[in-house]
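Pulled from Swiss-Prot, these are the listed features:
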type: BINDING; residues: Gly11, Gly12, Gly13, His14, Ala15, Gly16; note: FAD binding site
type: BINDING; residues: 270-284; note: NAD(+) binding site
Amino acid sequence: MVKESDILVIGGGHAGIEASLIAAKMGARVHLITMLIDTIGLASCNPAIGGLGKGHLTKEVDVLGGAMGIITDNSGLQYRVLNASKGPAVRGTRAQIDMDTYRIFARNLVLNTPNLSVSQEMTESLIIENDEMVGVTTNINNTYKAKKVIITTGTFLKGVVHIGEHQNQNGRFGENASNSLALNLRELGFRVERLKTGTCPRVAGNSIDFEGLEEHFGDTNPPYFSYKTKDFNPTQLSCFITYTNPITHQIIRDNFHRAPLFSGQIEGIGPRYCPSIEDKINRFSEKERHQLFLEPQTIHKSEYYINGLSTSLPLDVQEKVIHSIKGLENALITRYGYAIEYDFIQPTELTHTLETKKIKGLYLAGQINGTTGYEEAAAQGLMAGINAVLALKNQDPFILKRNEAYIGVLIDDLVTKGTNEPYRMFTSRAEYRLLLREDNTLFRLGEHAYRLGLMEEDFYKGLKKDQQEIQDNLKRLKECVLTPSKEVLKRLNELDENPINDKVDGVSLLARDSFNLEKMRSFFSFLTPLNERVLEQIKIECKYNIYIEKQHENIAKMDSMLKVSIPKGFVFKGIPGLSLEAVEKLEKFRPKSLFEASEISGITPANLDVLHLYIHLRKNS
């Protein structure tokens, strides 16, 4: 049977959900092919969304019309702001989720979205003519025609599950791997490599002894992810903290020879920042204990996920390890931990739209691009979906810059640098992180969302009004010069604030940590009518004014630099500071400007700085 649509999405994980929903929302006829409809939106690993860097991604996806934020707000079990005591740039919202509620909410959203159809089958091969996508074939002899195809297969491409010495061809425990499509992608000449990730054991909630374990609560004023969420008052459950101990470590050491990670059974590289427990014991042998979090998987507390205990050790060893841990002495394992090895395509094969350079109309998103994490997958799925629709309409692509969004950082890192290990987002990856805070996501991306038709006009008008009020009042505060007069000193004293000794402007005064929103309204009467969202932005802009201005200067400098032309016949060889790889790529592609050079995979900002300097030096000489 032959069926037609505008866009095909292959895979119903977090990337596939966002890609299919956003494309349908933008008016395309979308068909989602997934192996099991019941597993759409399944959280395969930890029962949580968000965190440091990841919370930023989730909120950016939300503002740009994505679903992850609203699904999380409707399925969370505990909400917290991580790094709450630190500056706003490095804070991150995180939620424990009810995995069943999340999956059901996501699945129903997909199944009830106009312009979006779903079928349960396995994609086996791509149909390509003249290096352009035409469609796909499936395992039940269906042919789907579409000009745009988005592959979001997660860990299913040639997936192999490892538990001790045992191996099974699975894309997830108990589910078939996608071997035909994996072979097809290799035959098409893509640079295919292997990665590894893992998951932790789960235990029955009624078999845990919680007495004596440290209880971990959610925030009293729980944060939420979606700007559309109203009247947020979730039921929150506690997590619990326990630790491994020297006995645990000895059990693991005694079984290193049976660990797939060390026996040579696993070839793929695992996530650096989420190592297995056996890897931690091996690498950090001096540590006497490692922290573990017991996280409820559902509101019923029937199962707990042991966060921090990712493992692929044999079943009998997993039993001994778990029973050596305080609170888990009599725990019943409901699901064992395992490692999974899978194919991914080097993301340097992609443009910034996530379209492959090799085949027009083919987009990749999620773990197939070498990333790890639900949030990273969702962000890529969203951007692939948006760009596939824009390409169908012959409109300009939507590419976020590194100074606009963490999504921009994520995609730029992937397509220019590639990866040899599962890529995870952190705030430290963003050089402009002071501008890319969670609290200003709406202000950063609202304009884009509205332009793309992904934000309602009334809300957008209110947002623009808020932005104007922020700018106007910051200008007024800068122009407001205060002197240490009797009246000023008296008012500061009434607010329990230290006196000023010299002239200061309003921005400098509000930069004080102690000057909260209530004091702001009290001291500057013109701030009194402003809503809390506007006041909060004014406060943050004042506090980090010097650093924010510096980052804006750096952005302007970079934008100016990228406009610099590279002289015809320019010799790249012999320039100190340029790696051999950079020289080879520059000689091969012969960019006409620094902007064109910046688009070449493997060319770093440091390379551009060096090039800029030597272009200038050679012109002057």
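Placed from the backbone N, Cα and C atoms, the Cβ positions cover glycine too.
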Select one residue from His14, Arg272, Lys280: among these binding-site residues, choose the one with the most other Cβ atoms within 10 Å of its Cβ.
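Answer by Cβ density within 10 Å: His14.
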Please report the Cα separation of Cys274 (NAD(+) binding site) and His14 (FAD binding site) in Å, rounded to an integer.
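The Cα atom of Cys274 (NAD(+) binding site) is 19 Å away from the Cα atom of His14 (FAD binding site).
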Including all protein chains shown, what's the count of other C-beta atoms within 10 A of the C-beta of Asn282 (NAD(+) binding site)?
17
Within 10 angstroms of the C-beta of Gly12 (FAD binding site), what count of other C-beta atoms is obtained when all protein chains are considered?
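27, counting other Cβ atoms within 10 Å of Gly12 (FAD binding site).
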Specify all same-chain residues, apart from the site residues Gly11, Gly12, Gly13, His14, Ala15, Gly16, whose Cβ lies within 8 angstroms of the center of the Cβ atoms of the FAD site, ordered by sequence.
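So the additional residues around the site are Val9, Ile17, Glu18, Ala19, Thr34, Ile40, Thr152, Thr153, Gly154, Gly366, Ala377, Gly381.
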Just how many other Cβ atoms lie inside 10 Å of the Cβ on Phe284 (NAD(+) binding site)?
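If we count other Cβ atoms within 10 Å of Phe284 (NAD(+) binding site), we arrive at 12.
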Taking the Cα atoms as reference points, how far is Gly12 (FAD binding site) from Arg272 (NAD(+) binding site) in Å?
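If we compare the Cα positions of Gly12 (FAD binding site) and Arg272 (NAD(+) binding site), the gap is 26 Å.
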Three states by DSSP: which one describes Phe284 (NAD(+) binding site)?
coil
Cα distance, Ala15 (FAD binding site) to Gly270 (NAD(+) binding site), nearest Å?
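That separation, Cα to Cα, works out to 20 Å.
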Take the C-alpha atoms of Ser276 (NAD(+) binding site) and Ala15 (FAD binding site) and report the distance between them in angstrom, rounded.
25
Go through Ala15, Cys274, our binding-site residues, and report the one whose Cβ sees the most other Cβ atoms within 10 Å.
Ala15
Around the Cβ of Gly13 (FAD binding site), how many other Cβ atoms lie within 10 Å? Please give the count over every shown protein chain.
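Gly13 (FAD binding site) is surrounded by 29 other Cβ atoms within 10 Å.
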